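Everything on this sheet refers to the single structure shown next.
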Ligand code: GLP
C-alpha cells in the first residue's frame, strides 16, 4: 500500500478531495464510499470548496454509506444516514436519490444487510472508498476478529468503540447503540480504490499495526494489505509509530506530482 504523510488534517483532506475530483473528471457518476467520524470532515469540506470554485463536478456523483447504527429512530441526528446527509449529500448538492445506505431501522436486520450488499453490486460497485480507523484498528464497524472475507452484516461494538463514540451522544455511553450494520471487510475490499485517512496521536498505534504489522483479523485495517490500490494518508502525529516513515516520505516525494494517489 502507499503511505502518504501529510503535515496536517487539512492537507490530507485536500489531497483526498483532489483524488475524488480527478475520479469524477474521468467518471462523472462515480460511486464514492464515504465514512463518518471526525477524521473525514476535512475531505468533505475540501471537496465542497472545489465544487464551489468550479474545480470539481459532483452533479452526477453518487455516494454510499460504510456503516450504520442499528435501532436509532429514523432521522436521529447521529444516525450515520443523517450524518452523511448533513456532511456530504447537502454540501455537495447531491439529491437523496444519489445516496445509498443500509437500513438501520429495519425489523429484519439480516435482510437489510443482504439487500445493501446487493444494492452496492447493482450500482456497479464502489469506485473510491474513504475509510477512517478506530483506535482498536477497526474499519467501518468491523471490530477486531472480524472475518477478512466478511460481507455486510450486523456486528456488536466493543466497549472501546462505544467509549470513543460517546462524544457524539452527549458524552453518554448509555446512548451509544450496541449493534451496527457494517459493510464487511470482503465488501470493502471490492471497492476499486481504498483511501484510509488517520490523524492524531491516538491513531498512531492502530496505523502502525495496520500498515507494518502482520495481516490479521485482530487488526481489521490490516486487510488493506490485500488490496491492489490502497492509500493510507496520515498526518505526522498518526505516523509517529511507523518504523518506515522516512521511507514512505522519500517514496512519495519521488513520485511525479501528476500521478496523484
Ligand atoms: C466510527 C466509524 C468508523 C470511523 C471511526 C473513527 O467507529 N464507524 O468508520 O473510522 O469511527 O472515527 P473518528 O474519525 O472520529 O476517529
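Note that Cβ sites are derived from N, Cα and C of the backbone, with glycine treated the same way.
Record features (TrEMBL):
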DOMAIN    12-226  domain 'Glucosamine/galactosamine-6-phosphate isomerase'
ACT_SITE  67  active site, proton acceptor
ACT_SITE  136  active site, for ring-opening step
ACT_SITE  138  active site, proton acceptor
ACT_SITE  143  active site, for ring-opening step
SITE      146  site 'Part of the allosteric site'
SITE      153  site 'Part of the allosteric site'
SITE      155  site 'Part of the allosteric site'
SITE      156  site 'Part of the allosteric site'
Legend entry - Three-state secondary structure, residue 155 (site 'Part of the allosteric site') (per DSSP): strand
Legend entry - Shortest C-alpha distance to residue 153 (site 'Part of the allosteric site') - which of the active-site residues 67, 136, 138, 143: 67
Legend entry - Other CB atoms, at most 10 A from the CB of residue 153 (site 'Part of the allosteric site'): 21
Legend entry - Residue pair residue 156 (site 'Part of the allosteric site'), residue 67 (active site, proton acceptor) - Cα distance, angstrom, rounded: 12
Legend entry - CB within-chain contacts under 8 A for residue 138 (active site, proton acceptor), separation at least 6: 144, 146, 161, 220, 221
Inset, instruction - List those of the recorded positions 67, 136, 143, 146 whose Cβ lies under 6 Å from any atom of ligand 1, in sequence order, or write none if there are none. - result: 67
Legend entry - Residue among active-site residues 67, 136, 143 with Cα closest to the Cα of residue 155 (site 'Part of the allosteric site'): 143
Inset, instruction - Check residue 67 (active site, proton acceptor) against DSSP and tell me helix, strand or coil, would you? - result: strand
Legend entry - Number of other Cβ atoms within 10 Å of the Cβ of residue 155 (site 'Part of the allosteric site') across all protein chains: 23
Inset, instruction - Whole-number Å only: compute the distance from the Cα of residue 143 (active site, for ring-opening step) to the Cα of residue 67 (active site, proton acceptor). - result: 12
Inset, instruction - Quick one: average pLDDT across the domain 'Glucosamine/galactosamine-6-phosphate isomerase' (12-226), no decimals. - result: 97
Legend entry - residue 143 (active site, for ring-opening step) - helix vs strand vs coil (DSSP): coil
Legend entry - Residue pair residue 67 (active site, proton acceptor), residue 136 (active site, for ring-opening step) - Cα distance, angstrom, rounded: 17
